[in-house]
C-alpha cells in the first residue's frame, strides 16, 4: 500500500512539472492575440490586450482622441480603410501613439483623413477657430511608423517626441489648403528627441515640411516637399529644451515653397545649434528665400536685429542647387556678433532672384 502511494505521488509530480504555469499560458495567449476594431472608443480602451491591432474604417467622435498610447511592447498597429474624425473646436490630438518596439503601418488604399477644411480659416494656430493637432508620436522608443497616407490635417500633422523612431514613406497631403485657408500645417515637428530618422516623406502643405525645434541625431532623407516653408531647423528658443545637435537633411527636393532650407533662432533667447548638414537639396519655385539662416526671428515678423544667444556652429551646406523666383533672394544670412562659426559652404548653385545687401556677420567662406 505504501509503495502504491509513492507511485501515485510521483506520477502526480510529473504531471505538475509537465504542465505550463498559468502565467506562461497567459503570456502566450496575450502575445498571440490579434484584434480588429471598428469602434474608436473600443480601440482606445482595449488595445492594451492585443499584440496585433487592425483599425478598420474608424470614425473617431468629435472631441475625442484615438488613444493608442497604452499598447504593449512589440505591438503592430495597422490602419485599414478610411479613418475620420468628428468636428469640434479643441486642441486635440486626434491620434496619440506611445510605446516601445511599436510598428504602425497602413493597408493598401487606406487613408487617415482629417477633413481639415472644416477648421481652416487662414489663421492656423494664430487665431480664429481652435484647431486640433493631428498625431502625437510622443514617448515612442525603438519604433517604426511606415506607409501612412495622411490627408488634410487641421493644423500641424505629426508631432514627434521620441527616441530611435523611424518614419518611412509617409505621405502628408494638405494641398487642398492652398485654396481653402490651410495654415500652420507643418509636416513633421520634432522636439526633445534622440534618434529620429525620416525617409521617403512626401509633404504638401502650407508651413514647414519639417521643423526641428530641439533634439539630437535627427535625419531627413529622400523627401519631397511642396507648397510650404521648406526644410527648417527652428525656430529655436523660448522652450524648455533649446538645443539642436547632429542633424542631417539630405537628398531631397523643395518645390513651390516660400523657402528652401532654413535655420531660424528667436531673438534674445538662449540655446545652441550645432553639427548640422544640408546636402544635395534641389530647389525650384522658391518664392522668398532659397537659403535663409537668421538670428532675429520673432513670430509675426523678424526684427532685423540679430542676437547671439543661440550660436549656430559646425554647419555644412553642400550641394544646394536649383532656382528661386525672380523676386526672391537666393541666400540670406543674418547672424549675431560672433555667433555663427565653423561653417562649410560649397557647391551652392542657385539661379534667379536678387542678391541681398542685408546679410550680416557671415562666417568665413560664406557669401550671400
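Just so it is clear, glycine is given a Cβ too, placed from its N, Cα and C backbone atoms.
Taken from Swiss-Prot as is:
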ACT_SITE  207  active site, proton donor
ACT_SITE  229  active site
DISULFID  35-50  disulfide bond
DISULFID  209-225  disulfide bond
DISULFID  335-340  disulfide bond
DISULFID  359-368  disulfide bond
REPEAT    162-192  repeat 'PbH1 1'
REPEAT    193-214  repeat 'PbH1 2'
REPEAT    244-265  repeat 'PbH1 4'
REPEAT    273-295  repeat 'PbH1 5'
REPEAT    307-328  repeat 'PbH1 6'
SIGNAL    1-18  signal peptide
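Location within the structure of each feature annotated in Swiss-Prot.
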residue	record	Cβ contacts under 8 Å, 6 or more apart
35	disulfide bond	46, 47, 49, 50, 52, 53, 54
207	active site, proton donor	124, 156, 183, 184, 185, 186, 187, 228, 229
209	disulfide bond	186, 187, 188, 201, 203, 223, 225, 228, 229, 230, 231, 232, 254, 257
335	disulfide bond	293, 295, 306, 308, 312, 360, 361, 362, 363
340	disulfide bond	293, 295, 311, 312, 313, 315, 333, 361, 362, 363
359	disulfide bond	331, 332, 333, 334, 368
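DSSP assigns residue 229 (active site) to coil, not to a helix or a strand. Mean predicted confidence for the repeat 'PbH1 1' (162-192): the pLDDT average there is 99. The candidate set comprises the disulfide-bonded residues 50, 225, 368. Of these, 225 has the most other Cβ atoms within 10 Å. Helix, strand and coil residue tallies for the repeat 'PbH1 6' (307-328), in that order: 0 helix, 13 strand, 9 coil [DSSP]. Secondary structure of the repeat 'PbH1 4' (244-265), assigned with DSSP and counted as helix (H, G, I), strand (E, B) and coil, comes to 0 helix, 22 strand, 0 coil. DSSP classifies residue 50 (disulfide bond) as coil under the three-state reduction.
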